[in-house]
Each structure stands twice: as structure tokens, then as C-alpha cells.
Amino acid sequence: MKNGAVIIPAAGSGTRMKLDYPKQYHAVAGTPIIVHTIRAFNKHPCIAKIILVVPQDHLEESKALLQKYQLENISIVTGGARRQDSVLRGLQEVPESIDIVLVHDGARPMVSAELISRCYKGAQQYGAVIAAVPVKDTLKRGAGRIVTGTVDREGLWQAQTPQAARKALLVKAFKENGMRNVTDESTLLEGVGIPVTLIEGSETNIKITRPEDLILAENFLREKKEPMQKIRIGHGFDAHQLVEKRRLILGGVEIPYHLGLAGHSDADVLVHALCDALLGAIGAGDIGRHFPDSSDAFKDIYSIRLLESVMQKVGELNYKIGNADISVICQAPKLAPYLKQMQEIIATSCACQISDINIKATTTEKMGYTGRGEGISCHAVVLLQQ
């Protein structure tokens with residue numbers, strides 16, 4: 001189950017890039033740098049919340065950018081004088097329910113889903129981690145232009161982001177060490193005695209700082225956009241009988257009706273069909289294999305919990321939902337007033353945007369068992385992207 005948030009500080013200037021606007025708004029491969037960065041986290045199965053920290057005078061521009069690129073469920077706050085002030089403002093927006101907080105530079109658009117996962121899982125295991133790569137080049141110490149010594153690179157690492165920690169540890173670090181000027185969160189954590197574990201970063205996960213960095217980013221992101229994504233498609237179907245003395249739950253929503261669906265769980269045909277579609281897409285059988293009706297553990301369970309479990313399996317294979325199309329076949333009751341609420345619940349459970357989930361209801365014009373009001377059925381088709 002996703003329990004992570006990411007703070008993306010993007011309140012810097014474009015001075016070293018020789019721009020008259022913040023570098024994160026500069027387009028690379030046809031898309032602003034900050035949009036590339038947000039997209040890397042937006043559908044990641046571990047990330048439940050994104051907090052974007054931007055300059056005060058670019059707040060409205062940032063809001064318009066998110067709307068233009070249909071980036072939903074993102075909180076925007078304005079930054080402070082120092083990076084750590086910006087991160088602290090973002091940290092104050094992290095929900096109480098979140099356990100793991102990642103911090104990632106807005107100008108590192110080439111971060112991979114695999115690196116995000118490594119940092120998230122590393123923080124779960126160790127408490128605090130930092131993405132880094134071993135220093136490969138020979139390092140020289142100098143005074144002016146004169147070499148005064150060679151630095152032993154043994155044990156030296158080049159820090160990157162994401163940097164991740166349990167929220168409580170990060171809050172402690174800011175409370176006890178926040179007045180000190182630092183360049184990253186790891187230094188804050190180290191300063192209060194919290195061990196920070198090195199996580200293998202990536203040579204391509206560069207921070208765009210100088211004009212020449214744009215050449216690498218342009219080539220990398222353009223190549224990344226061009227190949228066809230690995231996709232998988234699944235179809236699911238479920239049907240349950242309508243009976244007395246049962247609640248009617250569809251798409252996680254309780255619907256007022258004198259009949260409910262019979263079943264071992266809450267018999268939510270919509271969620272069950274979607275679970276089967278997801279399991280089918282990843283080649284993992286069906287819902288009965290994973291949640292058998294012979295187990296008391298699933299007796300009367302709210303099926304959204306089953307969906308969250310299935311999505312965890314999907315995420316472990318580094319897949320995410322591209323879109324899902326769901327058709328409920330039901331003569332009565334009328335479902336139209338409840339479809340938006342269903343859509344919101346499903347999107348939240350699947351860690352995707354509301355626009356990625358389409359739910360529609362139809363009838364069989366009083367033909368067959370659904371037409372006679374004996375039951376409700378549902379078809380679901382889902383596309384997964386890696």
C-alpha cells in the first residue's frame with residue numbers, strides 16, 4: 001500500500017543556465033523540465049502525495065502548467081530563502097498518514113521509477129537514505145588555479161536525489177538542526193546523529209544546472225519518449241445475485257436499495273471485475289486464487305481493500321494504470337448519481353488520476369437475469385504501462 005510523499009523543491013533561479021526565468025520551466029524534449037520530474041512520481045505506486053515548492057512570483061504560472069499537462073492531486077506551496085526553507089514548507093503540507101517522505105530536485109527530470117522504488121524501500125528498511133553514485137574521476141584540491149593536492153576518492157560518493165526518510169526523522173532533523181545552512185536533507189539528518197544509508201543512484205540522474213546539461217537531457221528524454229512503452233491489457237468479468245438483507249456496494253460506494261449482492265465478501269462486482277482485469281494483465285490468475293471464498297479472512301471484506309492489495313502486486317512489477325474502462329450492467333437501481341464517487345474511490349485506490357478511470361452503467365432493456373433484476377454484472381478492461 002502506497003504511503004509515501006515527495007517534496008519537489010523548484011524554487012531556484014536560472015542564473016547559471018543564463019536564463020531570465022527559473023530553469024525548471026525550460027522545455028526539454030518539448031516539455032518543461034518540471035513536468036518531466038512530476039510525471040516520474042505522479043503515477044508511482046509508492047507515492048500518494050506530491051508537494052511542489054515554487055517561487056512566489058511563479059505560483060500562478062505553475063498552477064497553469066499543472067492544469068495544461070493534466071497533472072492532478074498536487075499541492076503547490078511557495079518556497080523560502082534557502083533550499084531547506086522550501087523543503088520545510090513542503091514538509092508542513094505532508095499528510096499525517098504519510099510515513100515515508102522523499103525530497104527530489106525539480107531539475108532532475110531523468111529519475112527512474114526503479115530509483116524512486118529503491119529510495120522508498122530503503123527508507124522503510126533503514127530510516128533514512130540518499131541516492132548517490134561513486135566518484136569516478138580523480139579529484140584535485142586547488143588554491144586559485146594551482147593544484148595543492150590530490151583527494152583520495154576511495155569511499156567518496158556524489159550525492160543525488162531522491163533523498164528519503166521516515167517523516168518523523170525528517171521532522172526531528174528540521175526541529176533540531178534547521179537553522180544550520182545545508183545543501184541537502186542528508187546533511188540535516190547527519191547533523192542530529194541519524195544514520196543515512198547510501199542507495200545506488202544513476203549516472204543519468206543528473207541535475208540540470210548548466211547549458212551543456214541540456215544536451216544530455218534532451219537526448220535522453222527524447223529517446224525515452226520515442227520507444228513504445230511496454231503495455232499489458234487485461235479483461236475482467238464478475239456477476240452476483242441480488243438478494244434481500246444485504247447491502248449494495250458498487251465501486252466502493254454503498255447505494256440505497258432494498259436488495260444487495262450475495263457473496264463471501266461485500267460482493268462488489270465492479271471492484272471484483274477490475275481486480276480480475278488487473279490480475280489478468282500481469283498474468284497472475286484471478287481474484288479467486290488470491291482471495292478464496294473459503295478463507296474467513298475475506299468474509300464480508302470491503303473489496304476496495306482487495307483492490308489495494310492487487311495494485312501492490314501490479315506496482316511490484318513496476319506497472320501502473322494507463323486507463324481502465326468499466327461497464328456495469330444493472331437494470332435497477334439507477335447508478336448515474338454515484339458514478340463520480342465510484343470513480344474517485346477507484347482512482348485513489350489505484351494511485352492514478354481520476355481521468356484514467358471511466359465507469360459507465362447500462363441495462364439490458366429488461367432482457368436476461370440482469371434485465372429481470374436478479375443480479376448485477378460488470379466488465380472491466382485495463383491497460384497497464386511499465
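Using N, Cα and C of the backbone, Cβ positions are placed for all residues, glycine too.
Copied over from Swiss-Prot, here are the features:
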- 1-231: region '2-C-methyl-D-erythritol 4-phosphate cytidylyltransferase' (REGION)
- R16: site 'Transition state stabilizer' (SITE)
- K23: site 'Transition state stabilizer' (SITE)
- R153: site 'Positions MEP for the nucleophilic attack' (SITE)
- K207: site 'Positions MEP for the nucleophilic attack' (SITE)
- 232-386: region '2-C-methyl-D-erythritol 2,4-cyclodiphosphate synthase' (REGION)
- D238, H240, H272: divalent metal cation binding site (BINDING)
- D238, A239, H240, H264, S265, D286, I287, G288, T362, T363, T364, E365, Y369, R372: 4-CDP-2-C-methyl-D-erythritol 2-phosphate binding site (BINDING)
- H264: site 'Transition state stabilizer' (SITE)
- T363: site 'Transition state stabilizer' (SITE)
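Features as recorded by Swiss-Prot, highlighted on the structure.
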{"residue": "K23", "record": "site 'Transition state stabilizer'", "DSSP (3 states)": "helix"}
{"residue": "R153", "record": "site 'Positions MEP for the nucleophilic attack'", "DSSP (3 states)": "coil"}
{"residue": "K207", "record": "site 'Positions MEP for the nucleophilic attack'", "DSSP (3 states)": "coil"}
{"residue": "D238", "record": "divalent metal cation binding site", "DSSP (3 states)": "strand"}
{"residue": "H264", "record": "site 'Transition state stabilizer'", "DSSP (3 states)": "coil"}
{"residue": "H272", "record": "divalent metal cation binding site", "DSSP (3 states)": "helix"}
{"residue": "I287", "record": "4-CDP-2-C-methyl-D-erythritol 2-phosphate binding site", "DSSP (3 states)": "helix"}
{"residue": "T362", "record": "4-CDP-2-C-methyl-D-erythritol 2-phosphate binding site", "DSSP (3 states)": "strand"}
{"residue": "Y369", "record": "4-CDP-2-C-methyl-D-erythritol 2-phosphate binding site", "DSSP (3 states)": "helix"}
Number of Cβ atoms other than its own within 10 Å, given for H272 (divalent metal cation binding site): 28
Among K23, R153, K207, H240, H264, which are recorded positions, the residue with the most C-beta atoms within 10 angstroms of its C-beta: K23
Under 8 Å by Cβ from D238 (divalent metal cation binding site), counting only residues of that chain that are 6 or more apart: V269, L270, H272, A273, D276, I287, S377, C378
For S265 (4-CDP-2-C-methyl-D-erythritol 2-phosphate binding site), the number of other Cβ atoms found within 10 Å of its own Cβ: 21
Average pLDDT across the region '2-C-methyl-D-erythritol 4-phosphate cytidylyltransferase' (1-231), rounded to a whole number: 90
Rounded to the nearest Å - Cα separation of H264 (site 'Transition state stabilizer') and T362 (4-CDP-2-C-methyl-D-erythritol 2-phosphate binding site): 25
Cβ-Cβ neighbours of I287 (4-CDP-2-C-methyl-D-erythritol 2-phosphate binding site) (radius 10 Å): 27
Whole-number Å value for how far T362 (4-CDP-2-C-methyl-D-erythritol 2-phosphate binding site) lies from K23 (site 'Transition state stabilizer') (Cα to Cα): 49
Rounded inter-Cα distance in Å - S265 (4-CDP-2-C-methyl-D-erythritol 2-phosphate binding site), K207 (site 'Positions MEP for the nucleophilic attack'): 49
For T362 (4-CDP-2-C-methyl-D-erythritol 2-phosphate binding site), the one of R153, K207, H240 that lies nearest, given that the recorded positions are compared by Cα: H240
Residues satisfying Cβ distance under 8 Å from T364 (4-CDP-2-C-methyl-D-erythritol 2-phosphate binding site), sequence separation of at least 6: I329, Q331, T370, G371
Remaining residues near the recorded divalent metal cation site, that is with C-beta within 8 Å of the centroid of the site residues D238, H240, H272: A239, L261, G263, A267, D268, V269, L270, V271, A273, S377, C378
When distances run from the Cα of H240 (divalent metal cation binding site) to each of the recorded positions R153, K207, T363, Y369, the nearest one: Y369
